[in-house]
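Sequence annotations record features per position, and here TrEMBL assigns ATP binding site to 468, 469, 470, 471, 472, 473, 474, 475. Taken from TrEMBL, the feature domain 'Major facilitator superfamily (MFS) profile' covers 12-434. Sequence annotations record features per position, and here TrEMBL assigns transmembrane segment to 21-44, 56-81, 150-171, 191-210, 244-269, 275-295, 307-325, 331-353, 373-390, 410-427.
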Ligand SMILES: Nc1ncnc2c1ncn2[C@@H]1O[C@H](COP(=O)(O)OP(=O)(O)O)[C@@H](O)[C@H]1O
Ligand SMILES: Cc1cn([C@H]2C[C@H](O)[C@@H](COP(=O)(O)OP(=O)(O)O)O2)c(=O)[nH]c1=O
């Protein structure tokens with residue numbers, strides 16, 4: 001869908017001042033990731049001979065020192081940073097970070113690692129808001145989103161580069177030391193830290209020469225993260241799709257945080273050194289890149305929403321395997337798979353927010369996600385190592401075999417279990433293919449069969465079907481609902497099956513002709529499906545595409561009940577033919593008016609048609625099947641007692657339909673009328 005009046009932004013990097021700032025950010029990001037790797041590795045190495053618990057706590061301490069200043073002093077520093085010249089703030093911060101980071105390998109004690117980390121993070125509290133406030137000064141409004149996306153890209157995109165660089169430094173260091181013994185003091189962590197310091201120096205230079213930054217204009221507002229989270233949830237938590245997306249993405253983040261948090265001690269326990277640590281760390285990100293590019297292409301036929309939940313669930317299972325298998329080579333391979341799943345989930349989440357979340361909510365959803373992702377990551381990383389330390393190290397011996405299970409294994413296991421649960425929740429919240437088994441969908445997707453997006457996925461309209469036996473009151477009720485909806489200003493298309501198209505009318509004549517006795521059940525099923533296919537193509541889809549509400553008397557369920565249960569055809573066959581005929585289009589809501597045939601049939605006037613003249617027992621089977629279909633998918637059905645009065649039934653249907661109604665007034669119209677003075681009589 002294109003939004004009228006929105007210009008396509010040209011490349012934001014063509015803007016020279018922004019490009020310079022962005023380069024500075026990229027260099028700093030790379031340095032920051034190197035810093036995390038080097039410091040956690042150094043903490044692990046400094047305590048290598050010590051007890052498992054001491055090691056876990058040492059690594060955990062680095063993470064906590066990294067997070068603590070932002071949590072305690074974040075909003076305070078933001079307000080303070082407001083008072084200074086932004087360019088000078090960033091420049092001075094860069095120089096300070098350069099000096100502190102450089103001092104770490106020179107002093108080389110664990111205590112200093114912690115103190116230095118705290119110092120650097122305090123300085124960051126000034127650098128980051130100054131940078132954030134500068135971006136809108138350098139970039140026109142309509143390019144701001146593109147700029148933010150680029151920022152996000154380097155923030156996470158530089159991680160695999162840093163990880164691979166770190167691994168390469170370790171391998172190069174090992175080789176060099178074995179060749180030139182006099183270099184034995186050279187440590188890869190020191191080189192990484194020196195590079196990190198250098199990155200800050202480069203950034204200082206770039207910022208100093210960036211003359212376009214205004215001294216100060218307008219306040220930099222850094223609302224408290226907690227406030228952002230609470231307010232954001234109030235706003236976005238009411239939407240089912242957004243809720244599913246957020247639960248999924250945060251779960252993925254938490255699981256990822258568990259891996260990052262315990263990776264170092266986990267690798268030490270497997271007997272790996274710094275290079276192995278870098279490789280495991282990098283494997284996550286390499287996998288992510290692979291998932292984003294190839295995973296999506298490979299499974300492009302699967303429903304995006306389903307793939308999202310599935311990817312998170314599989315990531316959880318892989319994480320459980322990583323926790324239990326103690327072999328470095330296998331773990332690295334599994335980590336790539338883990339990253340791939342995370343990559344798929346992440347990119348789908350982002351795309352879905354971009355595509356399916358309403359315009360008015362999108363910005364808030366993104367910012368909510370960013371603030372909660374930070375809090376989640378922070379909590380998980382901070383808790384992971386102390387938890388691992390608390391659990392300690394255990395060994396299980398069974399004769400010859402000895403199995404080791406330690407705190408990092410436990411944390412990974414918990415992270416995996418969490419991801420599995422969250423994946424399931426996301427699947428349940430967002431499933432757009434209810435009634436189609438996931439395995440069938442998946443097999444079809446792997447074979448490359450076309451997946452047809454259905455009703456809600458790419459069409460703005462709403463599709464409501466009415467089902468029930470003969471004389472149950474469908475015609476009466478669908479008319480009442482259509483009138484009620486039109487009264488509220490909706491574009492409503494009221495239609496029925498069979499016989500709402502030219503071809504359909506001729507099919508209907510054959511199907512309901514009481515004289516037509518010899519029609520075979522399969523031919524009957526195919527003719528209903530043919531009528532339906534024509535109906536979907538010519539009437540229902542066009543209406544949904546333009547955003548109308550379609551109220552349809554009978555749909556696929558009638559075939560499942562009458563031809564499937566009534567005529568005793570295999571239900572899977574009837575379902576398959578109908579899914580093909582309709583391109584998988586399902587109603588958003590099906591209203592089943594449940595009336596005993598003994599009552600419904602007596603309500604009918606006139607001569608009985610071919611189907612109405614079937615025996616009572618046939619109609620009982622039909623009723624049973626309708627009820628079974630509704631019971632299997634309670635979220636997509638409303639079952640009303642057809643023996644109530646018509647008014648009572650109408651009210652029950654209105655209550656339910658009300659919950660899923662879109663806003664009748666287009667957003668743009670509302671914005672315009674919002675500025676008009678109110679006229680009162
Ligand atoms: N809740 C109800 N109670 C009693 N009679 C009803 C009720 N709803 C509809 N009727 C009557 O039953 C007959 C069949 O209703 P209709 O809406 O045409 O059913 P369907 O479309 O399901 O065959 C009509 O004469 C209608 O007035
Ligand atoms: C749509 C559909 C209808 N039918 C039958 C049920 C009805 O007896 C008949 C539709 O006739 P119709 O006169 O529309 O009946 P009603 O008012 O009860 O909806 O066709 C099927 O057997 N399979 C289907 O897929």
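If you go along the chain as it appears here, the first residue is 1 and each next one adds 1.
Just so you know, glycine gets a Cβ as well, placed from its N, Cα and C.
Whatever TrEMBL says is automated annotation, not expert-curated.
The transmembrane segment (307-325) shares more Cβ pairs under 8 Å with 410-427 than with any other stretch in the list 150-171, 191-210, 275-295, 331-353, 410-427. Listed in sequence order, the binding-site residues among 469, 470, 473 whose CB lies under 6 angstroms from an atom of ligand 2 come out as 470. Between the candidate binding-site residues, 469, 473, the densest Cβ environment within 10 Å is the one around 469.
Within its own chain, the transmembrane segment (410-427) is flanked in space by residues 244-245, 247-248, 250-252, 254-255, 257-259, 261-262, 266, 306, 308-324, 380, 384, 387-388, 391, 438, which lie at least six positions past its ends and keep a Cβ under 8 Å from the stretch. Packing around residue 472 (ATP binding site) is summarised by its Cβ count: 27 other Cβ atoms lie within 10 angstroms of its Cβ, all protein chains included.
Here the listed stretches are 150-171, 191-210, 244-269, 275-295, 331-353, and the one with the most C-beta pairs under 8 angstroms to the transmembrane segment (373-390) is 244-269. DSSP assigns residue 470 (ATP binding site) to coil in the three-state reduction, placing it in neither a helix nor a strand.
Taking a C-beta cut-off of under 8 angstroms and a sequence separation of 6 or more, residue 470 (ATP binding site) has the following same-chain neighbours: 597, 600, 601, 604, 611, 612, 619.
Listed in sequence order, the residues 593, 595, 600, 603, 642 complete the 8 Å Cβ shell around the ATP site centroid, once 468, 469, 470, 471, 472, 473, 474, 475 themselves are left out. Here the binding-site residues are 468, 471, and the one with the most other Cβ atoms within 10 Å of its Cβ is 468.
Take the CB of residue 474 (ATP binding site) and look out to 10 A: across all protein chains shown you find 25 other CB atoms.
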